[in-house]
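**Q** Quick one: structure below, then a few questions.
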């Protein structure tokens, strides 16, 4: 035989042409036949043939490819297809997620959506001059790449911890890990990943870990106020996301100088110190005044008790005093006047001179013991900076003196004061104690 048979066909020694053509077109070939005679033989004869192969509809097998959710994949549509030459490729059914497009007469490009994962299917067809193929099935296995949630902003107060769920709004889960990339400015505070992996984690935290939930825990620095920018990444079994962004706005600390409770607390402490000092000075002054003249003064108990309902001993004029120190002075003045007119007989000695009998019929001792002060068990006084004051005692004093001569006496005394002040309605309280000793 001379010439060529169409591709896919063959000629046997018996003169049989068989096979399946793989290409279309015309082929010209010549076949020679020879017998086995002898003598003048053998005899031979030749015959030329033209064989025309018609084109069939294209046929192609199913296609399977793999890609990541952030990477397009290219498919050569006519690879392993029969029925060439081909004239066109077209998308028959679009994928449920992502897009498939034809590029030229052979290329199909599939682009996954950011949320695509798992097996995604679509079909395409191939055409030639004989017709259009049956739809060719394509299966794309998409491995999801983590994508962080859109940039977000949260707010927190100074000294308060912010906890942000970074898996909320992210795609590509389940997530296997997370990490903090940076905190800007670095002095803003500390950011860490929290996923409940501690040995003592709660059932809720354990469930969060199993579902791939991660949080960013941000602890602001003590002196920081402003915006802290945190970048982080999420990862799954396949890849790691591009950095996500969280802006944490940390509110400035309130100015303590404008806080009524703080102002009231300072004012209460200053006022208490003044009351303690004034009470002790007044108590010692009263005793010194009683020593004028001969230098002799009887023993005396000058401590008075003031109760909230003790109206006879606490004139209304004292309650109208504009400041606690003025009210204390009013109470002591009233106590002094009362003592002058109602001193118990045990302590009233009358006028006497050294070494002479007293009006009560005895001699005054050179040694005398005395006490003075006011114990206040419940009077409140409000001011513009405080809700109210409650003092147990501005000051009580006890002492002893010894008459050396008409011109000279020596003595000593100790004093104690206790004050308690309630400030505002949030539980602020100032408590103070004073101790004194004088010679």
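Cβ atoms here come from the backbone N, Cα and C positions, even for glycine.
What TrEMBL shows for this protein is this:
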- 29-40: compositional bias 'Polar residues' (COMPBIAS)
- 308-320: compositional bias 'Low complexity' (COMPBIAS)
- 427-439: compositional bias 'Polar residues' (COMPBIAS)
- 362-439: domain 'Autotransporter' (DOMAIN)
- 21-40: region 'Disordered' (REGION)
- 292-320: region 'Disordered' (REGION)
- 340-360: region 'Disordered' (REGION)
- 419-439: region 'Disordered' (REGION)
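So that I understand the layout, could you describe where these features sit and how close they are to other parts?
**A** Here the compositional bias 'Polar residues' (29-40) has, by DSSP, the following mix of helix, strand and coil residues: 0 helix, 6 strand, 6 coil.
Under 8 Å from some Cβ of the compositional bias 'Polar residues' (427-439) lie the Cβ atoms of residues 261, 264-265, 268-269, 272-273, 276-277, 280, 284, 395, 397, 399, 410-421, all in the same chain and six or more residues away from its ends.
Below 8 angstroms of C-beta separation, residues 1-9, 11, 15, 46-56, 82, 84 of the same chain, each at least six residues beyond the ends of the region 'Disordered' (21-40), sit close to that stretch.
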**Q** Please give the average pLDDT for the domain 'Autotransporter' (362-439) in this predicted model.
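**A** Result for the domain 'Autotransporter' (362-439): average pLDDT 80.
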**Q** Could you give me the DSSP helix, strand and coil counts for the region 'Disordered' (419-439)?
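**A** Reading the DSSP string over the region 'Disordered' (419-439) gives 0 helix, 16 strand, 5 coil.
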